[in-house]
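Encoded as structure tokens, the structure appears first; notes follow it.
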């Protein structure tokens, strides 16, 4: 028995292990949420289809692996580009064309899109869970308190790397500056000759590329089925709302908090009830601080 | 139409619906009617809050599931008669509605934020139902089958579809009457005023919070009663059916397609949805494909198309055609 | 009837209204004027319960209504209109006005009948079955007035109901407002159309930088040097006076 056990009923080692595991997953959550927050920040669209797009990208990784034999991590560049193009087209030719007026109507449109994609996936891929087998599946290092998988570490490292790259792109490149200009002042950007529709679609594409990258990182560790999109979109919403809609730092911090909260919640409430932690955080944040930790004033 | 004419048409339609089982004898079409009316009631529940009140919920399953679970649990765990269970089941739905409404409206959540919080509540309830004992966890609750024809009425279980048809028809009539009342009462006028512009409504003496609270309670009651029906019809309930996204989506798609904030919108939407759905199933079956999902793909496409091109729904389309006649009447 | 004392309202570091007070006696038309950004609408919103003041009190018919919600204040007989009109766009004119009428009437039929009466009074009979979204600016201003009137108020707060109207339309509304007063309703109005202020009001308050700088009969106010300075800037009254002598 140690100090932690006296307080909580769980040993320090187990709690530490659970925090480490949560941090690893949290990095990927952050990456998924980054895409969502980018789309919100620029287009002011809450994209309900975000999780479904992740699911679709994971199937992409799966089939590349099954049919062509590509390692999931090697598939990332292909999936990333494909996801970008898909997202670009989706915004430019579907969501952008149909959404006008109230923001909750746009939310409904993206819900419609997610229903279509999810059920097309169900139709073509069936409800069966798919798993990608990789030779290094069980490889890892023993930290003493926990055994850290290579796939976990790779997801953690890559998620942070991609986040950093996106950050640099947004702050240093011309396109990044144009995107930020549109996010800040739509009409003004239009007046100085920025093609706003193009930037919208571009942002949506980059946001979708984020889930494309995340898909490659998640695919070796999560069973793939059409319904996982729903699970992930709820997590992504929670991260984004917690961090503050439209905030990059918020998505990053929020991702880690939610990853750890989920893992620790599972430890204390059990595997099944532990999932409620995320919904409860979501509800509390919406009620008490809808602008999130790093968000600017809403409405 | 004058009021007298309208009443006559309504009574005629009701008589036709009552006589329906005489004409429709195939089990398939009976089930089709039952499910269509069921989604009509579910959609009307959503429509009270979302259509008339402008508070779009993405988690209406939370009320459906609560009603359904209470109806199931009182019978299986406590041996209640199904008739006695109905009131507590509907009240439980109202209670959950009041709880969610109080928190959301007190803290001033509007628009997308209200949609998101209802979604979160539905998900929290789903996890809860999967995890606690009284709901029998993820495997769900199964009610004891009782096909004794003498006890059909007392046990609310029917061997053929006809009994369930009349049960859901009764609920449909209640749902339509509630919507009719909304359109012809002070409460309804105030609810629509809040939907259109909350500040202006407040300035005109409307307690927007109280109005929204009433709306969410009525909405939850109707939706919970749809849950009660579902349990009696299918004799089972599990966390995914109860609180998963399926029922929340059905509840909002039907009124959006039929026309939000109209009396017949949800029912019309449900008829179109199920018609198209069954057609898709029949066509895919004829083509020798037996994968699920295509009908839902069409729901999704219809939803997007309606929002894009016909945000006032099919009723809006009908009304637009009727309008020249109406203004001529006044001229 | 209305006693506003020392109202202060801050937004962050900005003080929009600073210790403003005014009195509206029963049966009068009192106006509140001042340059743009003086805090008139903020003061109105605070009186009507839409904003909670940081200091001061609002007494209406002898009781303190400072902490009440807008709907509760409306039920006591004090109703405001909005400078930026807020019609219920998807409802018809009749339905819009009936929402106001429901403040006193529970019956739908009575409320709709009352709506027609009020529409008649403000001259909107011809548009009564049109959706509010189809109205012109002038129509929307009238609707705003009609809805407020339908609640059966004893005090109406009118926020620029004449802005954006042409001369004929202004004359129409002036006649309507006068009629409302004659029916026993007290009125406090914010207005930029000076012609209307002059012809309608019995007493005028001038608000500048959140504080009342002068009050008196409207004509006196128009010539008051403090008021002229508030509108035209420091030294303006002297320049005007000098110009006047030369002329």
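Including glycine, each Cβ sits where the backbone N, Cα and C put it.
When TrEMBL is compared with the stretches B:10-33, B:82-105, the one noted as transmembrane segment is B:82-105.
Panel annotation: around the transmembrane segment (B:213-231), residues 38, 41-42, 44-46, 48-50, 52-53, 55, 57, 60, 63-72, 85-86, 89-90, 92-94, 96-98, 100-102, 105, 143, 164, 167-168, 171, 174-175, 178, 187, 191, 237, 241-242, 251 of the same chain, lying at least six beyond its termini, place a Cβ under 8 Å from a Cβ of the stretch.
Proximity of the transmembrane segment (B:252-276) to the transmembrane segment (B:49-70) is established through 3 or more Cβ-Cβ distances under 8 Å for residue pairs spaced 6 or more apart. Same-chain neighbours of the transmembrane segment (B:49-70): 42, 85, 88-90, 92-93, 96-97, 100, 110-111, 114-123, 125-126, 129, 135, 141, 179, 182, 188, 191-192, 194-196, 211-212, 215-216, 218-220, 223-228, 230-231, 237, 239, 241-248, 251-252, 255, 259-262, 265-266, counting only residues six or more beyond its ends whose CB sits under 8 Å from a CB of the stretch.
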